[in-house]
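Here is what TrEMBL records for this protein:
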TRANSMEM  66-88  transmembrane segment
TRANSMEM  94-113  transmembrane segment
DOMAIN    94-248  domain 'Sodium/calcium exchanger membrane region'
TRANSMEM  125-147  transmembrane segment
TRANSMEM  159-180  transmembrane segment
TRANSMEM  192-208  transmembrane segment
TRANSMEM  228-246  transmembrane segment
TRANSMEM  280-300  transmembrane segment
DOMAIN    285-422  domain 'Sodium/calcium exchanger membrane region'
TRANSMEM  320-343  transmembrane segment
TRANSMEM  350-375  transmembrane segment
TRANSMEM  387-403  transmembrane segment
TRANSMEM  410-429  transmembrane segment
Amino acid sequence: MCERPHRKDFIPLDVEVRNESTELLEDEGTKATRQTKGSPACLARAKINSSPHSSWQKYFRESSEAIFLSTKLNLLLLCIPLAIMSSISEWGDTWTFTLALLGLCPLAERLGYCTEQLAMYTNATIGGLLNATFGNVTEMIVAVYALRQNMLRVVQLSLLGSILSNMLLVLGCAFFFGGLRHKCQKFHKEGVFASCSLLLLGVLGLTLPNMLHATHTELHGSMDTIRLSRYISCLLLLMYGAYLLFQLHTHKFLFEEGEAHAKDDGDKESDSDDEEEPVLGYWGSIFWLAVFTVFVSILSDNIVDTIEGAAKSWNVPLPFVSTILLPIVGNAAEHAAAVMFALKNKTNISLGVAIGSSAQITMLVIPFCVILGWAMGVPMHLNMHEFETGALFVSVVIVAIFLQDGSSNWLKGLTLVLSYLALGGAFYFHSDAELAKGRGGPKSL
């Protein structure tokens, strides 16, 4: 009769079965978390599936808390129903404009938050593109409503102000606060230069119609300026499509988050410690983006209707309101996202938000408004005046010089912010005879 050999690593079959049974009875939420560690999408699914009986209740509770209770800025959401009531009850342009403007602040910031949640399911490049795209929703909606009312200069100045705000104020704050926490932050300058080249092309596209009109060299009068604007807009849209192909396919390695880390002598912790888990989920992020976009559309309509009356009531120049105040509110999403990513030493994403948003407005939003105006019979054009074109050109040159060494610090950020404040003062004292005429303008073509 053969005896079973005694081995220290021998495990009886019944013990193996018991161990497998115990493993199957293991808590589902713990098991899901262990198996999916490191994947944001899987972490979100594990969080939802951890409690089968109350998963949806728990999800809605956590997502609602994240949406409405995570920032004190949400107190301004109360201004949204007040702005709607003011518009319906005719409280006056000043009240309606002020309440709508205040209501846009948390909406723009929440749009940025939902976009960040959605970006967790993508890479850094697409995440920055999403932040830039949804961050420009406010500007695009305001521009469309202004186009419908033939307020062409408001469209031009608000979009110009968004470019300046993103390049100088948003990027400057990101560099400043990121530089206070990290002494020197590095980024991929090759990808940034591609975005800067788009900005320079956009400046050229905005300058040519202005030069043609200012020198009075049109063959067929002012119609040539509008025709040239439409032609250049088509070229800019084509170039933006090529840029997306370059960024997302052929040369995406230039834009991906790589080895760029801050040289911080005091803080040696890795950035992975600051990673956040997705709270809203993929479809939840899309749902809230749609909801907030609807409210942005409602408030934008109120803003366009009352901007002239509010400017007169405040005794503030309309160019200042259109170029400075509106873009600051509309860029709240980019501002919050860029600063947050800079504090986490994710400088490439921060630049993708700020510079990417400026390039997107220049190459996509402005040409889109020209083509849309063409379809609507509104003579929208790219002929911004010499003052605005010069301010844009100088700003692009300053930013390009600051980005050429592939590093940032708080001093660069402070310089950009002060440059924006200087431009703000200039627009406060800027007189615009065409804008002072109010609504209307050239007859549709």
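Indices start at 1 and increase along the chain as displayed.
Placed from the backbone N, Cα and C atoms, the Cβ positions cover glycine too.
Through the fold, the transmembrane segment (94-113) approaches residues 66-67, 70-71, 73-77, 79-80, 82-83, 86-87, 131, 134-135, 137-138, 288-289, 292-293, 295-296, 299-300, 302-303, 305-307, 309-310, 313-314, 325-326, 329-334, 336-337 of its own chain, all at least 6 residues removed from its boundaries and within a Cβ separation under 8 Å. Taking Cβ pairs closer than 8 Å, the transmembrane segment (320-343) reaches residues 101, 104-106, 108-109, 111-113, 115-116, 131-132, 134-135, 138-139, 142, 153-154, 157-158, 160-162, 164-166, 169-171, 173-175, 177-178, 181, 185, 303, 307, 310-311, 314, 349-350, 353-354, 357, 388, 424, 427-428, 430, 435 in its own chain, all 6 or more past its ends. Long-range contacts of the transmembrane segment (228-246) within its own chain (CB-CB distance under 8 A, at least 6 residues past either end) are made by residues 129, 194, 198, 201-202, 205, 208-209, 212, 359-360, 362-364, 366-368, 370-371, 374, 380-383. Contact between the transmembrane segment (350-375) and the transmembrane segment (192-208) is supported by 3 or more Cβ pairs under 8 Å, counting only residues 6 or more apart in sequence.
Across 66-88, 192-208, 410-429, stretch 66-88 shows the highest tally of CB pairs under 8 A with the transmembrane segment (280-300). DSSP assignment over the domain 'Sodium/calcium exchanger membrane region' (285-422) gives 116 helix, 2 strand, 20 coil.
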